[in-house]
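Trainee: Sharing a structure here in structure tokens format.
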């Protein structure tokens, strides 16, 4: 630059030759003029953007901040203009550089005044443009003021003007930084907290301060953090952004026959965010390498004092360098925090968008596409694959930053030690294949471990879902062993995983030491000029060590970056494959609005239709896909053979693939249903009744024909779908609550007495899968929901099979039948109940997938076809004349008079009178509507007892060994640097032997590597493996031993969480968390010791720093723990809602409520995203404050070195500072890992909670040995004054019953809903214990959640329990069953429970789970259950795969498989609990004949809704309100017309008219 431009003896510079500083010319040009010029451009662009695209918020101006800001800006302009005038009037003239800077600054500040006005109109927060310029201007001005001071300009007027400008600028920056949360403008705005935060608040994460302060005072709840994240992260907005581009791309590519790339769409949809992230990432990388350069200069400064004769550098230079290291550390901290915050935001935005896209796709999947993916797999797309983006998005910019950082470090190392660094890099390159191989093994075992965990969880999930079956059949030990086999495989993989992890850790931790060793060895021997030995000095060595430490980070992160990028790619491809799956063809069903004009027109019309559950042809498979499939099948076969071999079982021959059956399910379907008709669809099990309704709602493939439906549809599925909401919400199903309509429907559905019994009436929460409702109640809620929709067409899939006779009659008369609430609606009813058929408008008989008969009851009877034979054979009143219709009213009156005796009253008039009372009374009950208690969460910090639980599981010996090994390892690491310091301090005059120094250095390095491997192996394999194995085994044992009441009140997902999330934490996360805590803790301790030994005065700041760190940590950990809990609990509703949706997708689609469910999903996803965002931003808040405190350590170490420069050796200072530079991030990691460890230990706490639950009665007792080997020999059952309740605190369900069942007697058990029929069978198996018995109390786990009692009430309740009479006893063959071990008792009985439960696997495994019987016995059982023919027709026969929950069998077929399973147990007592409710009357009759024939010498207790099922029993037990009302032979009871049994039989149509 010319003299005229600078007009300063120092010239352009940029550094001064006479002082350690920049020149004024450089400062005015680069620090003042350049930012001002850029600000002018930015301000202009921003103002144009606001005027052209902005929207005024209309909330007014915050005058209290606006006026001071504008006045201060005007003051800044005035100060600058005054200085410009003073400069222009100086006799000596002025520098062009100074005037240029002043002019541009004046323009910039003038523009800021105008921009500030626009920002106040358009934005609700301070302008980030003005704040940024103001902050830069303060820093630049402060530097310039200091330079002006050093160049003796303090007496000049222009200096005073500039100081005034600096003061005004500082005040302006303070005003711009002030938070505006309490201003009227922000209070009126609906923007999120993040959007309201100003630039300073965002940089420092101060906008999280309110949450942290609140969380410190009390545990946070979801409401405290609502509305924190930016609106662009909300599911609706992110989905709109991504799906629009995806749909356009998919449409474009599919037209070309190519496949779109979801990954590419994601990258382009959020390109502006990715660009910003990349810039910040590269700036962070650059700033990271500033510290080693400053260290180099500082060591040069120290060396100038240690070498005699060398000119001492000025102390100010040392102080500037010390502060330079401090500020560079802080800048890196702020850049890192912003980088992580931005990657979290974009990752979260992608996650919410993908979750919404997957959810919407799941609602549109075709049947074939649904069969390809199980519900668990689709849920995994949300919970695992979409989640991968929020976890791994930070690795994407590293694809560019890692090579960039390696390049910078290599260049800087080359400047330090020259070409030997290339040898060090060559070592790294040679080690890369080792890295890659180990990473490959790491990924392989990780994937294998996850797969093994999936297998275990699938098995555990099935066991928990079928826990009642497991207990009734005494399968606990068998399933425990089955899980143990899978778990052992998982632990073997975990051991291999831990071993590989130890090797990976060794390679990564030792990489910087190996590079240092190789590079310094070459440098020390041949690194000088002409390959002479290099100059080993502190400056070269410790700057190089610092750089080696930095270069090791990108090198070691290469494999993890590649791994995470691969994970993201795989996850995105999985989602992409799902998004490209086949969708339902919505044009298959022609849906037309109901016109209501022509009353005789058809509302449902099917013409020449053919329907199938699969496409017409097999999907086209490419050669590559075929090879992949065959490879996977071969691998699965190999694994199966290995497993069978290990279990000692014969390996079956590999079966040839059976050809897939693509034949249609329904053919030649022609059906016309006029408006307002009631159509009954009948037929035997598996003939196609449910399929016909599924076809009508569009769930099947229509291969030909037309289907036309007029009006809105309401649908009640065969297995009632209940959502996790209140009873009222389940019925209203999103519609507006109408009291009058609601009351009428609830009464017609027979739900009034049920509501009266619920703890909070219709406000009671219905648990997962309707867990707190009986089968009949669930079905009636489903019917009420359908009725409330006020639709035009009702599809009702066998809703009456789950209810008993009197409820059946009530529903028919008041809701479904010709005189019910739905009498004017069109109804298609699938039913097995033949007693209603003569009252319907039309009967459709389905046989072999065809409509075999169709017409009115009288027409079909006259035709005397198959329907006539069915009615003639199985209906007592088949020949009734029309006078039956006239007598219906009399029957209704009789029914009413009987019902008035029952709390389950179903008399129509009575209900109308009591409706209002019931609805009013219900809310007065417990305000707590939840039957499922909120999950227990221990507040406050994790107690030391939890640490002790884990350490005891790992053993104290292993724990102490880990600590000792870590201390030794860190000692070796410090030892390498101490040895280098010693090497550099050896006088040049002393003889140096590089070989000796390098040899000892190599020995210490190898010792460090051995110790590092050992400690990782001990933690991951010895201690960690032992701890997790013990915790899992204890948890499984405890869960299997818990009473059934626990499973009734605990959601399945909550228990599965213990086996998945919590055991995953003990498997993987906890060992790593303990290892990280030890590693960082010992590292920080070592660093403090090294710095303290170098500069003892440093110890003076350790206490205040320690207090600062502890305060920040304690201030953070409370809100952190709450937020972690909120984050975890906010995810569950998302996945639960998604799982519910998948189960009820048919109902959702049929009723066309997709949009409401999508909105619910978006709301839950956004809530979850907000919780994760808050948790992550609080972590950034901590990072900023911890690392700023850590930077004080760097400043202190550097300043003390400068102040004590004459007495310290450069080598010791170099080592001290190289440690200090790493301590910033190390302390931050230490405290964050400590907080994370506390959060992870919650998993141990949660597992331990279940270990301390009260178990049920012992499996085995001493009395078992005294029983005869073949007990029970006769099958005599006696109930003596027996009473029971489901749980302590609830009402008795069985009350003082006395009756005796003689050996080989057949007893039918009947009664109304809630009479206690199923409870009786549960009592026989001791699923429930006798009231007030020892084990009823001992196995109770806390107060029942239905009742919330005060302390006084609890005392009164306990006193009441003490005086209650004994619950009586049950005797089998003269033995009190309460004295028999549960295992012996349950294996001596056989039962077919009410809910037909099948496990995923083969038919053989469902019949004989533990491979104890021959195939011949299984086929015989199937034959008796009338399933042999059907199972034989399936591909594979007994090896046919049963899908999850047995979904590929109809409900009736599932019941028959359960029947066959029970028939295989050769016991003297057989219980059938609604075993044939879901089968047609013909099959039911065949089964009853089989039972009478095959089990004539056994005692059989049969519970049945169909009175016909028990008509030929020896005796009938009639229960009412838990008491025995009648116990006589059917003949005697039927002779007594006042008996309850007679009444029930009459309702069921099993009694002939007297005049016949």
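Glycine is no exception: its Cβ is also placed from the backbone N, Cα and C atoms.
Straight out of TrEMBL:
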type     : residues  : note
COMPBIAS : 898-920   : compositional bias 'Basic and acidic residues'
DOMAIN   : 277-567   : domain 'ABC transmembrane type-1'
DOMAIN   : 642-873   : domain 'ABC transporter'
DOMAIN   : 960-1239  : domain 'ABC transmembrane type-1'
DOMAIN   : 1277-1546 : domain 'ABC transporter'
REGION   : 881-920   : region 'Disordered'
TRANSMEM : 28-51     : transmembrane segment
TRANSMEM : 63-82     : transmembrane segment
TRANSMEM : 94-118    : transmembrane segment
TRANSMEM : 274-295   : transmembrane segment
TRANSMEM : 315-335   : transmembrane segment
TRANSMEM : 389-411   : transmembrane segment
TRANSMEM : 417-436   : transmembrane segment
TRANSMEM : 497-524   : transmembrane segment
TRANSMEM : 1000-1025 : transmembrane segment
TRANSMEM : 1072-1091 : transmembrane segment
TRANSMEM : 1097-1117 : transmembrane segment
TRANSMEM : 1184-1203 : transmembrane segment
Trainee: Would you confirm whether the transmembrane segment (389-411) and the transmembrane segment (497-524) meet the contact rule of 3 or more C-beta pairs below 8 angstroms, pairs 6 or more apart in sequence?
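Mentor: Taking Cβ pairs at least 6 residues apart, the transmembrane segment (497-524) and the transmembrane segment (389-411) are not in contact, as fewer than 3 fall under 8 Å.
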Trainee: So which of 63-82, 94-118, 274-295, 417-436, 497-524 has the most C-beta pairs under 8 Å when paired with the transmembrane segment (28-51)?
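Mentor: So the stretch in question is 94-118.
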Trainee: Mind looking up the mean pLDDT for the domain 'ABC transporter' (642-873) in the predicted model?
Mentor: 82
Trainee: Most CB pairs under 8 Å with the domain 'ABC transmembrane type-1' (960-1239): which of 277-567, 642-873, 1277-1546?
Mentor: 277-567
Trainee: Quickly jot the same-chain residues contacting the transmembrane segment (63-82) by Cβ under 8 Å, restricted to those at least six beyond its ends, or write none.
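Mentor: Counting only partners 6 or more residues beyond its ends, the transmembrane segment (63-82) has Cβ contacts under 8 Å with 102, 105-106, 109-110, 112-113, 116-117, 120, 126, 161-162, 164-165, 168-169, 171-172, 175-176, 178, 180, 183.
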Trainee: At a threshold of under 8 Å on Cβ distances, which of 94-118, 315-335, 417-436 pairs most often with the transmembrane segment (497-524)?
Mentor: 417-436
Trainee: So, does the transmembrane segment (274-295) come close enough to the transmembrane segment (315-335) to give 3+ Cβ pairs below 8 Å, pairs being at least 6 apart in sequence?
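Mentor: Stretch pair touches.
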